[in-house]
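Structure first, then comments.
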Amino acid sequence: MSQNKAFSTPFILAVLCIYFSYFLHGISVITLAQNMSSLAEKFSTDNAGIAYLISGIGLGRLISILFFGVISDKFGRRAVILMAVIMYLLFFFGIPACPNLTLAYGLAVCVGIANSALDTGGYPALMECFPKASGSAVILVKAMVSFGQMFYPMLVSYMLLNNIWYGYGLIIPGILFVLITLMLLKSKFPSQLVDASVTNELPQMNSKPLVWLEGVSSVLFGVAAFSTFYVIVVWMPKYAMAFAGMSEAEALKTISYYSMGSLVCVFIFAALLKKMVRPIWANVFNSALATITAAIIYLYPSPLVCNAGAFVIGFSAAGGILQLGVSVMSEFFPKSKAKVTSIYMMMGGLANFVIPLITGYLSNIGLQYIIVLDFTFALLALITAIIVFIRYYRVFIIPENDVRFGERKFCTRLNTIKHRG
């Protein structure tokens, strides 16, 4: 596949389908949390009960992610993306009509399965469409997720203030997924192979990657990065109400600030990652910023700190470092992008399953301990990002025509080693 073909009209339709699906995925991730009060009343439960319900999303990801990685590599990207859309349709149309918590949990599992299918189809497809700019391509996924997460809290707040039935907030995304289905059926996807001429312009391996070191560190980074922003998405409104004295409508808007922050980061780094900054540098910087911010949110809770903190966490932890982690791990292990993505995201699914259970328990003890947990995850992300950063420049030789910010000394050292060898 040539780089020019990636921009032809048939592939652009496929790219639009993927990005639009991630916009709606962003909504699906926070739907249960944003409607926590309405759903708790509907199912006669409390916040911990809805946290249990949310854990079904993680279970769905956990049980399906490896399966879809194999399917994506064998049968193609479009097939698994279509499977994802079907699962999303079941969730959005099913929750409003769901009679009990048990069935709702099954629908939450469907969202997790849908996310697995979308990730193992969408990420590899985007990297295959834009092999020279895979970092920018995958980080824009986060932009679309953030658009969805910025829009949806505003919709929920509007419906809450105007006494509109919460179910309309699920039916509308369901209708949009029907439109995506029609678009997917007409779209074409690129080949799973990349031209050798393109590959030669990318960083070349100087030594064999170590699965037990950079492989494990990359996966742990993904878990920590996911958990850092996931905790904020679910629990920041409740924390802001309890410790900053904010009303429910005001507290829900913290997630809009969070999404705005992630969008700002996405567009800044989408530009920087093309030629100026390599993803591993972005991951170290952003995880350090998230660690500092989580500490401030815990130590100095106030409306200003909660709103600003949500924005900065959105910028740092949710601004695409999870997606960049996938891109970096695919560089270390490039032979099977979907399988790499599935392993990486499987651990995120494990976190998606376990973290709601832990935070649900902590919510009964004290919401402040949830923020302490968030700080711990941010710190783990920083430590593992530094490990991957160090290993990257030991494994790869940076081409002279692709030296980026801060890399000159690394590039010179590694090229010297190569010539001596």
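Placed from the backbone N, Cα and C atoms, the Cβ positions cover glycine too.
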Same membrane side for Ile71 and Leu367 per Swiss-Prot: no
Overall pLDDT for the topological domain 'Periplasmic' (31-49), taken as the rounded mean: 86
The transmembrane segment (101-121) in contact with the transmembrane segment (10-30), cutoff 8 A, at least 3 CB pairs, sep 6+: yes
Top partner of the transmembrane segment (309-329) among 50-70, 252-272, 370-390 - counted as Cβ pairs under 8 Å: 252-272
Selected stretch (most C-beta pairs under 8 A with the transmembrane segment (137-157)) from 50-70, 252-272, 280-300: 252-272
Residue numbers, six or more beyond the limits of the topological domain 'Periplasmic' (364-369), whose CB comes under 8 Å of its CB atoms: 48, 235, 238-239, 242-243, 298
Best-contacting stretch, by C-beta pairs under 8 Å, relative to the transmembrane segment (216-236) and drawn from 79-99, 252-272, 343-363: 343-363
